[in-house]
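The block underneath contains the structure these notes are about, expressed in structure tokens.
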Amino acid sequence: STMRERKTTDPLHSSTDLSEGKEKLRLKQEVGLISSVSLIAGTMIGSGIFMSPEWVLHHMGNPASSLLIWAACGLLAMFGALSYAELGTIIKESGGEYIYILRIFGSFPAFLFAYTSVILVRPAGLAAVCLSFAEYATAPFYPGCSSPQVAIKCTAAACILILTIINCLNVRLATSVMNIFTAAKLLALLVIVVGGLVLLAKGQTQSFQNGFQGTTPGIGTVGVAFYQGLWSYDGWNNLNYVTEELKNPEVTLPRALMIAIPLVTCLYLLVNVSYLAAMTPSELLSSGAVAVTWGDKVLGSWAWLISLSVTLSTFGSSNGTFFSGGRVCYIAAREGHMPDILSMAHVRCLTPSPALLFTSAMSLIMLISGSFTSIVNFFSFMAWLFYGMTISGLLYLKIKKPELPRSYKVPIIIPIIVLMAAVYLVLAPIIDQPQVEILYIVLFIFSGIIFYFPLVRFKYHPRFLQRVTLHLQLLLEVAPTAKDAN
């Protein structure tokens, strides 16, 4: 509602105006190495690895090239994460892409990112994962037929509300939930991996004979296959959203990335091999839920374990998405780009509860408004547009400001590769198969201009909105927060 005025100093070194020194609240540094690894791996391993393999195979046309796509996606996620690790040690603030774009490129592009992310991308991503959770959670109650949409949407809404309560109560509680569910989903993936290795040992290798036969090369098809694969890796950048809450971020950030992403990549490749050992490519393509079909074929009467594992996995991933998504909203508000109430923290729980409640409300609206059949491609398009912008910011700092202190440096070739991949992923589907929806996305991003100039640039703050902020502050028991200036 009200926007706070900010000093217009050098964006890379500017510090927050702490409202005349009255702000005392800070979010606690409670995220250690194990929780950091869980946040990355736990968010990455969601519904994707249980749902996306058939679509990667569908677009690539054969098992061998689809495995290459999965490996390339893992490598790209690793390169992106290493680039972000350097950014995180230069700009030691929470907020991920938003804070990096703000400090390097300035206020306007950062506002467009925050506006798009907070209103559309994060809530839509959370709603999509919660819908996946709901489909698997309701399936046992409707044997032999698909679950009614009302049941799925009500279950997804209940999932969002439970996550809101957990994350608003305590950061430690939210990270504990993350750790438990990450352990559960790693166990489930290990069961699939071991099952696949047993099948391969028995000689079930027919899917891998003439593995490259029937490849369907094309700029657009490879790009869309990458989108489907990268959806399963999404979350590699989550730790950068909570930098200020990390214990010893200079060490924890790069170390957690180097543990979590190679671990997830290896698991994903082995799980895909396991799927192809149990099923022929045509069986895999006709499967509605690959992991469940695998369970029916390999585990027999224990197949219900896979459905349970997918349910746990998607809930854990929703928690990670919610945890980091709320922080983008909170940081953007703290910098004056969102209503001031969203920059406040609960006076006792020390969680950014208004930002979390807002993210929850937007996700529920997305949930009610429709289905998410094409969300992966459009989510990926927007995500890689801003990833590319962030990586170009890192290249600018490496070339123009090499003297800036940083505890970790990535070789310059790595961000160059990521930037080239980002450009390809943004342009390939537009060139190959132009879709009017992409135009709508671009128009939505630039519709932020309508709000930026009156509310942020010219600081127009109606008095009645200030009164609303005050009442909400009293109702929610929240107060403004400070941050450590780095």
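Cβ atoms are placed via backbone N, Cα and C, with glycine included.
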TrEMBL annotation (transmembrane segment) - matching range among 31-52, 229-250: 31-52
The transmembrane segment (437-456) in contact with the transmembrane segment (180-201), cutoff 8 A, at least 3 CB pairs, sep 6+: no
Interface check, the transmembrane segment (409-431) with the transmembrane segment (64-85), three or more C-beta pairs under 8 A: yes
Beyond the flanks of the transmembrane segment (64-85) by at least 6 residues, Cβ under 8 Å: 40, 44, 53, 56-57, 96, 208, 211-212, 215, 222, 225-226, 229-230, 232-233, 236-237, 240, 253-254, 257-258, 261-262, 264-265, 268-269, 272-273, 387, 390-391, 394, 408, 410, 414-415, 417-418, 421
Best-contacting stretch, by C-beta pairs under 8 Å, relative to the transmembrane segment (180-201) and drawn from 31-52, 97-118, 154-174: 31-52
Sequence-remote partners of the transmembrane segment (97-118) [C-beta within less than 8 Å, at least six residues beyond its ends]: 11-12, 14, 87, 91, 237, 240, 325, 328-329, 331-332, 335, 337-338, 358-359, 362, 382, 386-387, 389-390, 393-394, 396-397, 444-446, 448-449, 451-452, 456-457
